[in-house]
């Protein structure tokens, strides 16, 4: 019966019996619920108990009901946290390559970071305008792995110490979890085999009365101007609030009166941008038009922009706005071997959230050739087009990239751009302008000359 069970597990998970050579000597899971989506860090000490070197470890990323994996990255501690690219087998199953292969009896420490979406939900789903919000999260007590695990610890970090309910256990006479402030720690020395189906359950309900912003759409356009030495940037964002919805209609009078004593609220009432220090010509618009409810503060190293929407964005509501500005080319550019190099942030929009769909459009100066762009995110679609602006002759190349489910941290990543610039396009434009002026003067002379 045990052999049949092992064979069935092998078929389901895609593992053969010959690959059951790993053992998890220690597993530490850290689940961070302080962000707008769930961040996990799993530290695994794996030991090769086989007779041959192994170069692949199969990992199951645990998710709660309705939760999906947005991103997953792996580093190896023994190799100075060198990264390795996990290979996705199916929804939550990944093969982690190990180079050099792990010899029999040797161990490796894997550090696995993941971003998860859909596991946290408000309960109740609707609240009053000035009522506290409670969120719930569900996970397993033990690591879900096809291999045997000896020691393990699950650590939940919550936004505050206001924890309403959480699951308790008594394991080997020890009361779990150990609670310190906003942290719950479940620790077990019980050996769990890969065939164990009962992984336990951890349920936690906690108070967190803040908005849960999410970017439904992000569009970034950057125009590069060689002759003006400027970058023109435009960011259009559609925000959604995934917090608890309003139980009744919005009371504007109560909202404005509440601003005098700063009550807790699940509404988004401001968005903060950090721009380069020499940014100028900043303007902020939405679907209606220009908005004056914004504040700009210039500091030595950066410029802060605080945007205030026309209305508070409560749970289930959305808001579209666009921010445009200009900044000096030279702050991002360097030249080498007749090539121009630009290191530009992926986006300036606020991080700590998910962007369901993101599009980047890079408009190069006329005369740019041999263009190379290195994007720091996985691209789902890309294309190259050509446009003509005022007095253009050759046209400008536009590189457009699209990505799905871009997560926090990524907006601070860097896009590496390089190209060769032929200044003859600029002089051709001057020649055209000069020729037009001469023709215009000649025509005026022929018309008005006696």
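Easy rule for this one: first residue shown is 1, then count along the chain.
A Cβ is built for glycine as well, from the same backbone N, Cα and C atoms used for every other residue.
Feature annotation from Swiss-Prot assigns N-linked glycosylation site to 290, 383, 405, 422; the stated evidence is sequence analysis. The signal peptide annotation in Swiss-Prot covers 1-18. According to Swiss-Prot, the feature topological domain 'Lumenal' maps to 19-424. Per Swiss-Prot, topological domain 'Cytoplasmic' is recorded for 445-450. Taken from Swiss-Prot, the feature transmembrane segment applies to 425-444.
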I need the nearest neighbour of residue 383 (N-linked glycosylation site) among the glycosylation sites 290, 405, 422, using C-alpha distances.
405
Integer Å distance between the CA atoms belonging to residue 405 (N-linked glycosylation site) and residue 422 (N-linked glycosylation site):
37
Sort out the sequence-distant neighbours of residue 405 (N-linked glycosylation site) for me: same chain, 6+ apart, CB within less than 8 Å of its CB, listed by position.
70, 71, 117, 354, 355, 356
Give residue numbers and ranges for long-range contacts of the topological domain 'Cytoplasmic' (445-450): same chain, 6 or more residues beyond its ends, CB-CB under 8 A.
none
With DSSP, how much of the topological domain 'Cytoplasmic' (445-450) is helix, how much strand and how much coil, in residues?
4 helix, 0 strand, 2 coil
Note down the number of other Cβ atoms within 10 Å of the Cβ of residue 422 (N-linked glycosylation site), including every protein chain shown.
14
Residues near residue 290 (N-linked glycosylation site) in space but at least six apart in sequence (CB under 8 A):
283, 284
